[in-house]
Structures are given as structure tokens and as C-alpha cells.
Amino acid sequence: MQMRFTKMQGLGNDFVVIDAIRQQVDLSAGQIRRLADRHFGIGCDQVLLVEPPRSDDTAFHYRIFNADGSEVEQCGNGARCFARYVRDEGLTSANSIRVGTAAGPITLELCPDGQVSVDMGLPRFDPAAIPLAVRARAPAYDLGAGCRALRIGALSMGNPHAVLAVTDDLDQAPVSEIGPRIERDPLFPRGANVGFMQRQSATAIRLRVWERGVGETLACGTGACAAVVVGRLWGELDERVEVSLPGGTLIIDWPGEGMPVRMTGPAVRVFDGSIEMERLRWKY
Ligand SMILES: N[C@@H](CCC[C@H](N)C(=O)O)C(=O)O
């Protein structure tokens with residue numbers, strides 16, 4: 001049996017997008033890992049499933065799986081690709097698309113200039129929502145990641161994020177050393193995506209992200225939202241911030257507490273293909 005897929009990317013954060021509306025799809029975690037594998041599969045950071053809506057106020061349901069096979073709550077760059085995909089495929093003719101996710105509904109807007117803008121919803125700071133193993137919310141938390149003592153901001157953008165400030169050269173930051181330690185720190189019972197943020201001005205930051213279940217990626221949409229929210233709470237950023245990631249630039253708008261975060265950026269279709277399900281057999 002063949003399964004059709006589309007390879008897409010948002011700032012180099014790449015996806016295998018699978019239409020689970022017009023074909024029957026039931027993938028195990030092992031099959032997801034095989035699809036995502038860059039040597040033995042197609043290769044991607046996340047596998048995205050396009051499913052029928054689960055509620056009357058949404059047009060689709062959007063499921064996200066990390067390259068390690070785990071299902072997660074939210075993916076910002078994927079959300080923009082999801083919008084581009086359902087429009088290009090003629091699954092909708094709307095410019096504004098409300099989509100259900102494991103983290104609640106989000107609204108995707110296709111802009112006239114080809115960019116996609118997403119209302120990512122409210123950032124959440126209460127420890128139970130992140131989740132974070134502390135009793136009370138704080139602007140920053142102390143963490144002993146190996147031999148280094150670190151201060152991080154923590155929040156949920158639907159998925160858990162830790163953000164730390166880098167003052168030295170961001171290109172030299174030990175992302176692959178500290179990232180996995182914070183990802184698996186007991187402070188984050190369900191793991192965390194870890195953003196390394198370098199402030200350039202009140203309206204511009206550079207960011208590298210170690211993604212839970214993947215490793216360092218070329219960009220992370222929810223990570224960009226999380227970094228701007230933390231930077232604003234620390235009094236260092238304005239309402240609109242240009243976030244430069246290794247794969248390109250996102251615009252993030254966040255007026256402040258109680259308001260949703262908006263993310264705007266590109267979404268690109270790379271190629272279409274089909275794969276024989278038999279090839280997804282994998283022994284780990
Ligand atoms: N690439 C994403 C985030 C994908 C999920 C993340 N790795 C997690 O485990 O929460 C984005 O663009 O937001």
C-alpha cells in the first residue's frame with residue numbers, strides 16, 4: 001500500500017505532511033521515526049497529520065509528531081505549513097482557518113504577500129500548565145544543568161519552553177551540550193524545548209533552539225514566541241520583534257499578559273511523493 005505525503009519547510013524546520021482526510025493513515029511511533037529518519041526514511045524534524053475536525057468551530061485537526069515518534073501539543077512553523085497545504089490542496093478556500101490541536105484551537109491566516117500569520121493563543125506561565133515542577137510562578141528559575149548554574153524563563157506555548165539569555169557569541173553557544181540537559185531536567189516533567197536568545201536591540205533577537213524530541217533545528221516557531229514573551233517579561237523587548245533563526249526570520253507580536261502571541265513567516269512546499277508502507281518497517 002502506498003501513502004502519499006508532501007515535504008514542506010518553514011525556515012528550514014522541515015516536515016512530512018500527510019493527508020489523513022483523503023487517505024487512511026494509522027502510523028505507529030516506529031513508523032514515524034522511520035519516516036523522519038534522514039538516512040533510512042524521507043527525513044524531517046516533525047511529521048504533521050491533516051485530519052478532519054473534531055469540533056464544530058474548527059475546519060481541521062492538526063496532529064504533530066517529533067522525529068523521535070512522540071506526539072506533541074503544538075508546532076508553530078508546522079502550523080504555517082499546514083495552512084499552505086490545506087489551501088494548495090483545495091481542502092479549503094478560506095484565508096482564515098481555525099484548526100484544532102492537542103493544545104486547543106489556533107487560527108491561521110494566509111496573507112496576500114504569501115506569508116502565513118498565526119494566532120498562537122495565550123502563553124501560559126502557571127507551573128502546572130507548562131508543566132514545571134515548582135510550586136509558584138517566577139520570572140526566572142535557577143537550574144543546575146551539569147556543572148553550570150543557569151537562569152531560565154519558562155512557559156507553555158501549548159508545548160513547554162525554557163529560554164535562556166546568551167550574552168557571548170550565539171554561534172559558539174553550547175546548544176547541543178546544555179540543550180539536552182535542560183530538555184530532560186526534572187524541573188520539566190514532560191521535557192522542554194530550549195531557546196538560546198541573544199538580544200540585539202528592543203526589536204530584534206537572534207535565537208537558536210534545541211527542540212525536545214529532535215535536537216537543534218534551523219528554526220522553531222513556538223520557540224520564537226516563547227523567547228519574545230520571556231524577553232518582554234524581563235523588560236528587554238518591544239511589542240513587535242524580529243527573530244533571526246539559523247533558517248531565517250520570523251516576526252513575533254505580543255502586546256503583553258492576557259494577550260495572544262502572533263507569529264508571521266513563510267511556509268514552503270518542497271516536493272510531493274509516495275512511500276510504500278512496507279518500507280516503514282523498522283526495528284529499534
Ligand atoms: N518545530 C516546532 C515545535 C515542534 C514540537 C517541539 N519539538 C516539542 O516537542 O514541543 C515549532 O515550530 O514550534
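Each residue's number is its place along the chain shown, starting with 1.
Glycine is treated like the rest: Cβ placed from N, Cα and C.
The feature substrate binding site is assigned by TrEMBL to ASN13, GLN46, ASN66, GLY76, ASN77, ASN159, ASN193, GLU211, ARG212, GLY221, THR222. In the three-state DSSP scheme, ASN77 (substrate binding site) falls into the helix class.
Residues annotated as active site in TrEMBL: CYS75.
Per TrEMBL, the feature active site, proton donor maps to CYS75. Cβ environment of CYS75 (active site): GLN46, LEU48, ILE64, ASN159, GLY221, THR222 lie under 8 Å away, each six or more residues apart in the same chain.
Annotation source TrEMBL lists active site, proton acceptor at CYS220. Around CYS220 (active site, proton acceptor), the C-beta neighbours below 8 angstroms that are at least 6 residues distant in the chain are ASN13, GLY76, ASN77, ASN193, GLY195, VAL209, GLU211, LEU245.
In the three-state DSSP scheme, PHE271 (site 'Important for dimerization') falls into the strand class. There are 9 other CB atoms within 10 A of the CB of PHE271 (site 'Important for dimerization'), with all protein chains counted. Annotation source TrEMBL lists site 'Important for dimerization' at PHE271.
ARG212 (substrate binding site) sits 26 Å from PHE271 (site 'Important for dimerization'), counting Cα to Cα.
Each residue contributes its Cα atom, and for ASN66 (substrate binding site) and PHE271 (site 'Important for dimerization') those atoms are 20 Å apart. A coil conformation is recorded for CYS220 (active site, proton acceptor) in the three-state DSSP classification, outside any helix or strand.
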